[in-house]
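Below: the structure, in structure tokens.
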Amino acid sequence: MKVKMLSRNPDNYVRETKLDLQRVPRNYDPTLHPFEVPREYVRALNATKLERVFAKPFLASLDGHRDGVNCLAKHPKNLATVLSGACDGEVRIWNLTQRNCIRTIQAHEGFVRGICTRFCGTSFFTVGDDKTVKQWKMDGPGYGDEEEPLHTILGKTVYTGIDHHWKEAVFATCGQQVDIWDEQRTNPVCSMTWGFDSISSVKFNPIETFLLGSCASDRNIVLYDMRQATPLKKVILDMRTNTICWNPMEAFIFTAANEDYNLYTFDMSALDTPVMVHMDHVSAVLDVDYSPTGKEFVSASFDKSIRIFPVDKSRSREVYHTKRMQHVICVKWTSDSKYIMCGSDEMNIRLWKANASEKLGVLTSREKAAKDYNQKLKEKFQHYPHIKRIARHRHLPKSIYSQIQEQRIMKEARRRKEVNRIKHSKPGSVPIVSEKKKHVVAVVK
């Protein structure tokens, strides 16, 4: 008589050690799981709710300045080191891991208008209202030695901004004109100007390092090529641009922070139309900085808040504010893409998480797997109304909330007026202008 025995491979169900998880046999046939999508929807909903529960972005406040913080700079080689300049001429160097000030320098008389680090991280440069450019060592002086700058350049006009070349011993300053300096000389290598108004900010391109951009008080954004020693082109907007920031991953993309509450992302090869208009702030945007990934940027505003925008979206994904934070003057995204720093005029530097609900520290493999799974579920169901409402909800200060409502009413009134004008005019006599093109006045080459 023949008897057929069931045989199973123990490797498929036996644990190697008692610490391993029990192996559960699964059949992935969809006919056996008719409620798979409803289950995933509930999981996505719970993951979205938990994300809002654990959204606690504020980490630390670095206090010590005796006047408003006017500018920030990152160390190019060290994640933990940050430099800040204040309105009383004081420069402080901070250690983010210990969250304390490790060095204080009385650098200028009056405002510190700009601060930047050398590409190798051995020194940094400051400019101030006292018409000087000073170079300082990154390491402090020895015991008993006085704090002295390495070099001091006496200028003829007030400098309003400074930025260092990403690869060479060259830096640029701006004021009445854009000056390109060699570190070994006391006179500028070349000076470039276009128009007569003062220039508030200058920034080198991190990829095409010979390109730089500046923004002036006459509403211009001017692009320069160091190799030509002449301006390339400029775009004139409706209102003044406070500063610009280049995308660290896409060579010809930059974002401008404007006085009309918006940010404009441009492609320098087609300046007549912005790539994207970013709208959410309710007051002038004062500073902008990209994340190292080039996918997002953070903006600082006069409305006492900072916002994080995806590059390809017109609305912000996150808004940060505190009860004590006043007008935010400067903002930086750290080089590891995990943290954001902002300096405001009530003398504090605040440290935030880039992802509000992110768990800090080392994650176990199961935590990583659960996090990735929840993230995929949230992306899959992100457009469902209930999940979308929970994910978008933010608590805002009453001042910002009321201003948002007011701006919404004004925008709707303008739209209604424009529709009525088109309706009661001869067909084709009133041009329809898109939101992107409304704010660009002209492009001059």
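Each residue, glycine too, has its Cβ placed from N, Cα and C.
Annotation source Swiss-Prot lists N6-acetyllysine at Lys49. A helical conformation is recorded for Lys49 (N6-acetyllysine) in the three-state DSSP classification. Counting Cβ atoms from all protein chains shown, Lys49 (N6-acetyllysine) has 13 others lying within 10 Å of its own Cβ.
Within the chain carrying the repeat 'WD 1' (64-104), a Cβ under 8 angstroms from the stretch's Cβ atoms is held by residues 110-121, 124, 126, 128-130, 136, 138, 140, 329-332, 334-336, 339, 341, 343-349, 351, all 6 or more beyond its ends. Here Swiss-Prot flags 64-104 as repeat 'WD 1'.
Sequence-distant neighbours of the repeat 'WD 2' (107-146) (same chain, 6+ residues past either end, Cβ-Cβ under 8 Å): 70-78, 81, 83-87, 89-91, 93, 152-169, 171, 173, 181, 183. What Swiss-Prot records for 107-146 is repeat 'WD 2'.
What Swiss-Prot lists as repeat 'WD 3' is 149-191. Using DSSP to sort the residues of the repeat 'WD 3' (149-191) gives these counts of helix, strand and coil: 0 helix, 20 strand, 23 coil.
Residues 160-168, 170, 172-178, 180, 240-246, 248-252, 254, 256, 266, 268, 271, 441, 443-445 of the same chain lie 6+ residues outside the repeat 'WD 4' (194-234) yet bring a C-beta within less than 8 angstroms of a C-beta in it. The repeat 'WD 4' feature in Swiss-Prot is assigned to 194-234.
Among the features that Swiss-Prot reports, repeat 'WD 5' is placed at 236-276. Note on the repeat 'WD 5' (236-276): residues 200-201, 203-208, 211, 213-215, 217-221, 223, 282-290, 292-295, 297, 299, 301, 309, 311-314, 407, 436-444 of its chain, located 6 or more positions outside it, place their CB under 8 angstroms from a CB of the stretch.
For 280-319, the entry in Swiss-Prot reads repeat 'WD 6'. Same-chain residues lying 6+ beyond the ends of the repeat 'WD 6' (280-319) with a Cβ under 8 Å from its Cβ atoms: 57, 242-250, 253, 255-263, 265, 325-333, 335-337, 340, 342, 344, 352, 354, 356, 394, 396-397, 399-400, 403-404, 407.
The repeat 'WD 7' annotation in Swiss-Prot covers 323-362. According to DSSP, the repeat 'WD 7' (323-362) comprises 0 helix, 18 strand, 22 coil.
Look at Swiss-Prot and you will find 353-441 tagged as region 'Required for nucleolar location'.
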_Confidence summary for the repeat 'WD 2' (107-146), mean pLDDT rounded_ = 92
*May I have the DSSP-based helix, strand and coil counts for the residues of the repeat 'WD 6' (280-319)?*
0 helix, 19 strand, 21 coil
